[in-house]
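Some notes on the structure that comes next.
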């Protein structure tokens, strides 16, 4: 039997898969979220003052906001460490890299730069780890990246200088982004396809909870070095537990390592208490073994090319709008810890809604993704029609702040869906490469996002126009993708040989290779059960849709 049939025998979501969900979608995501937003508290700037009389004895007191601030910034550039320690005093009850290395005034850009280094590392990690895990296996690459992630993260807490901190943040980003991506794929490949949406949504939900958890830890641990080190205790526990999980049976199957795939499946069956389960994996005669994918394969086949270009844009927009709305919301005032917790908790309602909608036949993955993207885009576009001053009446409720919160809720939902949707659109042999490439473009959106709020100086609603236009465009483009709800999971490129789909009323398009040498037989007559569903066919016989 094939691997999908084997999962029906061993259990698609048994006791052991529930444990894997708890490990890789709950505990791991709590840790991943902590590292991803570490700079929010570690890089926060405490309140401070300087000895104005000593620094600027001739400065007029009446020109404080303009002249004195500029003079103080100029002085920081030339003053040595001992002078800064003598004249600058932090009054807050917590420490950070800003207070330790005086990253204030003209030096404050270094805090943002450290955050950029982290996401630059994630940019590198998501694409490189995807290819490595497709070639060497999910578990090996996941564990290696996880161990290095913890090592570099602990090194953050012992940083002797800003430069060392920035370098280790880049390395943490590379390992954190890469290993979490591989863990997501590993988890999905250990459960039945019907439960992919649930597993993915749980991960997104607990990433949001992880933000609130980090705020709580920061409230009690006010030393940035202690905080940066202690948050890795949770990661260490997850790493030790991960040593005993199996390799992905789907990856082993796609590589032709049938005996090892059977061992992994029998382990799952044993932990699911299905001791009498027996099966033997076989490959169809037409399927080549040890098939591997590369980055170029995403653009070699016409179907994969179309999917990849649309998905890259959607991932880019999700990241751009998510981080852009967060930055343009402004300072809420009050406790930094309460604000950070709220920024995570506000995302939580979107996840149960996602789990419900994407599993409904009348909505599915495609329509739900499109609806959330379009709703978020429209919410942002409405801002351009609102008055800039809105203190009374209906505008006290319907304003840029409330609409941006709605936008963040919807984009959080879309981000969760696109993760699940993307993993279902690519075959196993290239799934990590596809996810890594799309995730890479989301990091580009995250890098650009901080610059969008500054457009308010041109026109106050211009940032929302950018977010709304890109969100609405990506929502419409998502309708060009096929539905994957209850569809058989693609394993290898041969599963794409006679793969067809309908696109906006056009006739079905069979797979074609851009390279003439890669062209496959296109003479099979294809059909579709409905205009709303897509079918996957094996090269020799039709594989029925899973209802």
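Glycine residues also receive a Cβ, built from the backbone N, Cα and C atoms like all the rest.
Positions annotated as transmembrane segment by Swiss-Prot, on the basis of sequence analysis: 22-42 (among others).
Look at Swiss-Prot and you will find 58 (among others) tagged as N-linked glycosylation site, backed by sequence analysis.
Feature annotation from Swiss-Prot assigns N-linked glycosylation site to 63 (among others); the stated evidence is sequence analysis.
According to Swiss-Prot, the feature N-linked glycosylation site maps to 80 (among others).
Secondary structure from DSSP puts residue 106 (N-linked glycosylation site) in a helix. Taken from Swiss-Prot, the feature N-linked glycosylation site covers 106 (among others), and the record attributes it to sequence analysis.
Residues or ranges marked as transmembrane segment in Swiss-Prot (evidence: sequence analysis): 111-131 (among others).
Sequence-distant contacts of the transmembrane segment (141-161), counting only residues of its own chain at least 6 positions beyond either end whose CB sits under 8 Å from a CB of the stretch, comprise 35, 38, 42, 97, 101, 125, 129, 132-133, 168-169, 171-172, 175-176, 178-179, 182-183, 186, 225-229, 231-232, 235-236, 238-239, 242-243. Look at Swiss-Prot and you will find 141-161 (among others) tagged as transmembrane segment, backed by sequence analysis.
Look at Swiss-Prot and you will find 165-187 (among others) tagged as transmembrane segment, backed by sequence analysis.
If you look up Swiss-Prot, you'll see 201-221 (among others) marked as transmembrane segment, on the strength of sequence analysis.
Here Swiss-Prot flags 226-246 (among others) as transmembrane segment.
Sequence-distant neighbours of the transmembrane segment (303-323) (same chain, 6+ residues past either end, Cβ-Cβ under 8 Å): 297, 369, 373, 376, 380, 407-408, 411-412, 414-415, 418, 422, 425-426, 430, 434, 437-439, 441-446, 448-450, 452, 467, 470-471, 473-474, 477-478, 480-481, 496, 499, 501, 509, 511-512, 514. Here Swiss-Prot flags 303-323 (among others) as transmembrane segment.
Marked as transmembrane segment by Swiss-Prot: 338-358 (among others).
The transmembrane segment annotation in Swiss-Prot covers 368-388 (among others), and the record cites sequence analysis as its basis. Same-chain residues lying 6 or more positions outside the transmembrane segment (368-388) and placing a CB less than 8 Å from one of its CB atoms are 314, 317-318, 321, 325, 354, 357-358, 395, 398-400, 403-404, 406-407, 409-411, 413-414, 417-418, 421, 460-461, 464-465, 467-476, 478-479.
Only residues 6 or more beyond the boundaries of the transmembrane segment (401-420), in the same chain, are considered here, and those with a CB under 8 A from a CB of the stretch are 184, 196-197, 200-201, 203-204, 208, 311, 314-315, 318-319, 321-322, 325-326, 328-330, 346-347, 349-351, 353-354, 358, 365, 368-369, 372-373, 375-376, 379-380, 382-383, 435, 438, 464, 467, 471. Residues or ranges marked as transmembrane segment in Swiss-Prot: 401-420 (among others).
Per Swiss-Prot, the feature transmembrane segment maps to 433-453 (among others). Nonlocal intrachain contacts for the transmembrane segment (433-453), taken as residues 6+ away from its ends with a CB within less than 8 angstroms of a stretch CB, comprise 112, 116, 119-120, 122-123, 126-131, 134, 177-178, 181, 184-185, 293-295, 297-298, 304, 308, 311-324, 327-328, 418-419, 422-423, 425-426, 463, 466-467.
The annotation transmembrane segment is assigned in Swiss-Prot to 462-482 (among others).
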Contact set, same chain, for the transmembrane segment (165-187): CB under 8 Å, 6 or more residues outside the stretch: 20-21, 24-25, 28-29, 32, 35-36, 39, 97, 110, 113-115, 117-126, 128-130, 133, 138-139, 141-142, 144-146, 148-149, 152-153, 155-156, 159, 199-200, 203, 245, 248, 419, 423, 431-432, 435-436, 439, 443
Top Cβ-contact partner of the transmembrane segment (201-221) among 111-131, 338-358, 462-482 (pairs under 8 Å): 338-358
For the transmembrane segment (338-358), sequence-distant contacts whose Cβ falls under 8 Å of one of its Cβ atoms, 6 or more beyond its ends: 33, 37, 40-41, 197-198, 201-202, 204-205, 208-212, 214-216, 218, 326, 331-332, 364-365, 368, 405, 408-410, 412-413, 416-417, 420, 485
C-beta crowding around residue 106 (N-linked glycosylation site), within 10 angstroms: 15
